[in-house]
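> The domain 'G-protein coupled receptors family 1 profile' annotation in TrEMBL covers 1-207. Under the heading transmembrane segment, TrEMBL lists 14-38, 58-78, 98-121, 151-175, 187-209.
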Amino acid sequence: MNSQGVSSQYQCLIIQHLVGGTIMSSLIQILLICIERLNTTFSTKKEILVIVCSNKGVLLYFILSHCIALLRFGMATIDGPVPCDPKNTTTTLLLFSHDIPCLFIVVAIISCYSVVVYRMIRSRSFVHGSRMTESQVAKKKTKDIRTRRNAVTLGLIIFVSLVTVLPRSMLVFYYNMGKKSAITATLTLIFNNFLLLLNSVVNPVIYVLRIKKYRQYLRCKCLKNNSVLDLTNSTAVQVRDVERF
């Protein structure tokens, strides 16, 4: 295809904006994980938080993020397509419709995670001050270990999100303040094509290394496939033996 053609430019632009919608949606998912973890720190789960983190809510946020991206695409191309250049992802329209909302989401993630950690520490100190039986102590110890591992896993995911989102947001702010330089386009290309996509690459690795059930599921699937294959092979051998007999 001709990269300077109108159809090619439209396709490139809509992919750019939809990728931005997907990145925003992934940040919202991390925020929902933090809210769900926060809800577990209460003795009785808050109904409003359950509704916010429900499957219908997740689907709604996913659709809303991409609707915003499509609306932004329409506004950006109202006078025709613009060149599919990295510097065109640092416009004022993207600043207010993507980077600032993502920055607010990241701040909400950090705030929610801080509250979760605070409530976990407070709950542990409260329990240590009360008398418990040996079975309750054992259950509490197991729960503490699981909670600590979940907190570390969530902390790693949040750290990766910060590393991938904040540099681009700072660059876009810098660019829109009129402080343009020759290196801005190169940095924009690096942040768009490397840091933003790093989140999707690293998160599955974190899940495999940190979440035991995730590893068990993968192991079970592999063993199941191998066992089915072995059973098929053994059955075939038995059939050949019977035919030979």
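Note: Cβ is positioned from N, Cα and C throughout, glycine not excepted.
Explain the structural surroundings of these features, please.
For the transmembrane segment (58-78), the list of distant contacts is 10, 13-14, 17-18, 20-22, 24-25, 28-29, 32, 91, 93-94, 97-98: same-chain residues at least six beyond its ends, Cβ to Cβ under 8 Å.
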> Please give the sequence-distant neighbours of the transmembrane segment (14-38): residues at least 6 beyond its ends with Cβ less than 8 Å from one of its Cβ atoms.
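For the transmembrane segment (14-38), the sequence-distant neighbours (Cβ-Cβ under 8 Å, at least 6 residues beyond its ends) are 49, 52-53, 57-58, 61-62, 65-70, 72-73, 76, 84, 89, 94, 98, 101-102, 105-106, 108-109, 112-113, 115-116, 119, 150-151, 154, 157-158, 161, 165, 196, 199-200.
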> For the transmembrane segment (98-121), find every same-chain residue at least 6 residues outside the stretch whose CB is under 8 Å from a CB in it, and list them.
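Tertiary neighbours of the transmembrane segment (98-121) are 20, 23-24, 27-28, 30-31, 34-35, 37-38, 41, 72, 147, 151, 154-155, 158, 161-162, 165-166, 168-169, 172-173.
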